[in-house]
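Visitor: This is the structure I want to talk about, given as structure tokens.
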Amino acid sequence: MKYTKMHGLGNDFIFFTDPNGTDTDYTELAKQLCHRQTGIGGDGIIVVVPSNVADTRMRIINADGSEAEMCGNGIRCFAKYVYERGIVTKEKFTIETLAGIMEPTLTVEDGKVTLVTVNMGKPSFNAADIPMDIKADKVLNYDVDVDGVTYKVSSVLMGVPHTEVFVDDVTKVPLTTLGPKLERHPLFPRGTNVNFVKVVDDSHIKVRTWERGAGATLACGTGCCASAVMAHENGLTGREVDVAVYLGTLHISYSEDGTVFMTGPAAEVFETELA
Ligand SMILES: N[C@H](CCC[C@H](N)C(=O)O)C(=O)O
């Protein structure tokens, strides 16, 4: 089987195509391939499978084997992968995901995809959609207790569940201690990704993420979208925000009608054959 290693700002994935992969259980394969010592290494695997409702379909399985509904950095890489292999030949097309149909628009130079803008759809704010076990139309600055300490969180569904914690310095956040405790907090029946956010000014934020099913990652695309959306909903930024992560920046546009557009790079590292 041919595997391709790709990343979006360091959020890395192992890609392959499976024409018969519509219902395949990839749990064990994901754990095996994502292992950083005994496998290829990655935050997840991403599989190209057929779609009846879009030009193609993306399945994303986290390193722990759990399947996620969507992946922002992954879908930019997915768009590059399918275009450069001729699976899709248009520079604007549709991708079926468990979170709905997403629409990438490609920047192509000499046949190579150099930048991808994705229509990520609209966030869902109601606690029941996230899901979060409280009654709220929108979850802003909600008090959550973790080991006797109260944190103010803002949670949202941006394809996948995201919980925002606004901080003064993203280099001093309890990513690997508080991250997993919020990820699996009883308030979130399907878990949550956790983003620590520093607001720099009206159009710049910095984000560090602990991902559901993958742990601390170098970037999280849906997390950058969720962070920009909730920074605006908290009155802290405008609707056009550059989100800085370890290895670069995503531009998030949160339109007046609620639609979110994410623009950023996608990189192919290597391709290999494994038995
Ligand atoms: N770990 C996430 C899925 C991948 C999201 C992230 N890698 C992104 O770029 O959006 C979850 O289980 O919700």
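All residue numbers here begin at 1 and follow the chain in the order shown.
Quick reminder: no glycine exception, Cβ is built from N, Cα and C everywhere.
Straight out of TrEMBL:
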type	residues	note
ACT_SITE	Cys71	active site
ACT_SITE	Cys71	active site, proton donor
ACT_SITE	Cys220	active site, proton acceptor
BINDING	Asn11, Asn62, Gly72, Asn73, Asn193, Glu211, Arg212, Gly221, Thr222	substrate binding site
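Mind running through what each feature is packed against?
Guide: Look at Cys71 (active site): DSSP puts it in coil. In sequence order, Phe13, Gly44, Ile46, Met58, Ile60, Gly159, Val160, Gly221, Thr222 make up the list of same-chain residues 6 or more apart from Cys71 (active site) whose Cβ falls under 8 Å from its Cβ.
Its Cβ taken as reference, Cys220 (active site, proton acceptor) is surrounded by 34 other Cβ atoms within 10 Å in the chains shown.
Its Cβ placed at the centre, Arg212 (substrate binding site) has 26 other Cβ atoms within 10 Å.
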Visitor: Give me the non-local Cβ neighbours of Asn193 (substrate binding site): same chain, 6+ apart in sequence, Cβ-Cβ under 8 Å, ordered along the sequence.
Guide: Val160, Pro161, His162, Thr163, Glu183, Thr209, Trp210, Glu211, Arg212, Cys220, Thr222, Gly223, Ala226
Visitor: Taking only the residues the record lists as binding substrate, namely Asn11, Asn62, Gly72, Asn73, Asn193, Glu211, Arg212, Gly221, Thr222, what is the largest Cα to Cα distance between any two of them, in Å to the nearest whole number?
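Guide: Result: 14 Å between the two most distant Cα atoms.
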Visitor: For Thr222 (substrate binding site), just count the other CB atoms lying within 10 A of its CB, please.
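Guide: I count 31 other Cβ atoms within 10 Å of it.
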Visitor: How many neighbouring Cβ atoms, not counting its own, are there within 10 Å of the Cβ of Gly72 (substrate binding site)?
Guide: 28
Visitor: On the three-state reduction of DSSP, what should I expect for Thr222 (substrate binding site)?
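Guide: DSSP assigns Thr222 (substrate binding site) to helix.
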